[in-house]
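As given in TrEMBL:
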- LYS8: active site (ACT_SITE)
- 66-140: domain 'GHMP kinase N-terminal' (DOMAIN)
- PRO93, ILE94, GLY95, ALA96, GLY97, LEU98, GLY99, GLY100, GLY101, SER102, ALA103: ATP binding site (BINDING)
- ASP135: active site (ACT_SITE)
- 209-252: domain 'GHMP kinase C-terminal' (DOMAIN)
Amino acid sequence: MLVFPNAKLNLGLYITGQRPDGFRNLESVFVPLPWTDALEVLPAPAGADTALTLTGLPIPGDPATNLCVRAYELLQADFDLPPVQLHLHKVVPIGAGLGGGSADAAFALWALNEQFTLNLPAETLESYARRLGSDCAFFIENKPVFAYEKGDVFEPVSLDLTGMACLVVYPGLHISTAEAYGRVQPRTPRHDLRTALAQPLSTWRDTVSNDFEDALTPVYPVLGDIKAQLYAAGAAYASLSGSGSAVYGLFPGLELPPLLELPAEYQVWRGRL
Ligand SMILES: C[C@@](CO)(OP(=O)(O)O)[C@H](O)COP(=O)(O)OP(=O)(O)OC[C@H]1O[C@@H](n2ccc(N)nc2=O)[C@H](O)[C@@H]1O
Ligand SMILES: Nc1ncnc2c1ncn2[C@@H]1O[C@H](COP(=O)(O)OP(=O)(O)O)[C@@H](O)[C@H]1O
């Protein structure tokens, strides 16, 4: 079985409080971004153990701890699955605030559920996903949601950005999620996110923000430079996604976003949501 784990964007992100478990409570709207990896899940050949092979962007860390393998191990422990052969072709930048690793894990759970006819409902797959990462459960239903608590509890939103021209720029700066959280002091949001996102896109620039962006831009000025370039190119709204370092712009009314003059080593996704 071949699946294409997609990335996500955060529309607004507020860190609202410290939790007793050491994590933070947040509020954000997550939307799917069709920048994808490719993940193949097959039964292992007779006599072979479970194995993961990797191509594409290098992933830091031991492949044995890759989130795809950890997703398999969770289901294997409960359902005694036979060994599998996993292949991941990595395309979505890592440590970019695009949730790529979480998407791989969630799609692995989904694919294993199909491959071995486990018939687990979405809410059960979400429970497994929560054990692998805070934003992992989002990718099970994979539709726009208002996320709160650890970013793993969801309410539906009516927002639909389907077809909106979008440009995502990753400057090659790997920002660890834990480091980014450590730089933000939790506070009450200045605007109610769902109310703000229900207003015209042209108003978001003044009302929808990302607490990570405010904390990280003074440390990594390139984030502010990219955002300024996106606005100069006609974006109606631009922001850091998640804990960065990817910055995106939304360009309503365009078939495709404009091309920007960027250093060759930057990774760029240009298309429609
Ligand atoms: C910041 C967000 C926003 O959507 O996305 P990314 O920027 O990573 O894509 C998410 O909260 C990232 O979720 P995820 O990447 O799954 O994080 P996890 O693996 O669960 O946690 C990594 C580390 O981030 C911190 N963490 C994470 C989530 C949370 N609600 N509070 C936290 O304090 C903790 O220090 C934790 O050890
Ligand atoms: N399949 C995977 N793809 C990407 N990163 C992975 C994967 N499995 C484990 N990781 C680890 O997760 C971390 C980054 O996860 P990722 O979801 O790409 O970041 P972010 O949430 O910031 O977008 C890296 O430190 C990486 O080692």
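A Cβ is built for glycine as well, from the same backbone N, Cα and C atoms used for every other residue.
The structure, with features from TrEMBL marked on it.
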residue: LYS8; record: active site; DSSP (3 states): strand
residue: PRO93; record: ATP binding site; DSSP (3 states): coil
residue: GLY99; record: ATP binding site; DSSP (3 states): coil
residue: ASP135; record: active site; DSSP (3 states): coil
Set of same-chain residues at least 6 away whose C-beta sits under 8 angstroms from PRO93 (ATP binding site): LEU57, GLY100, TYR170, GLY172, ALA246, GLN267
Residue counts (helix, strand, coil, in that order) that DSSP gives for the domain 'GHMP kinase C-terminal' (209-252): 17 helix, 10 strand, 17 coil
Listed recorded positions adjacent to ligand 2, that is, members of LYS8, PRO93, ALA103 whose C-beta is under 6 A away: none
Listed in sequence order, residues with CB under 8 A of GLY95 (ATP binding site) and six or more positions away: HIS174, ILE175, SER176, THR177, SER245
Env. residues of ATP site, Cβ within 8 Å of mean position of PRO93, ILE94, GLY95, ALA96, GLY97, LEU98, GLY99, GLY100, GLY101, SER102, ALA103 Cβ: ALA7, VAL92, GLY242
Lowest local Cβ density among GLY97, GLY99, GLY101, which the record lists as binding-site residues, within 10 Å: GLY101
Confidence summary for the domain 'GHMP kinase C-terminal' (209-252), mean pLDDT rounded: 97
Candidate nearest LYS8 (active site) in space, where candidates are the recorded positions GLY97, GLY99, GLY101, ALA103, ASP135 and distance is Cα-Cα: GLY99
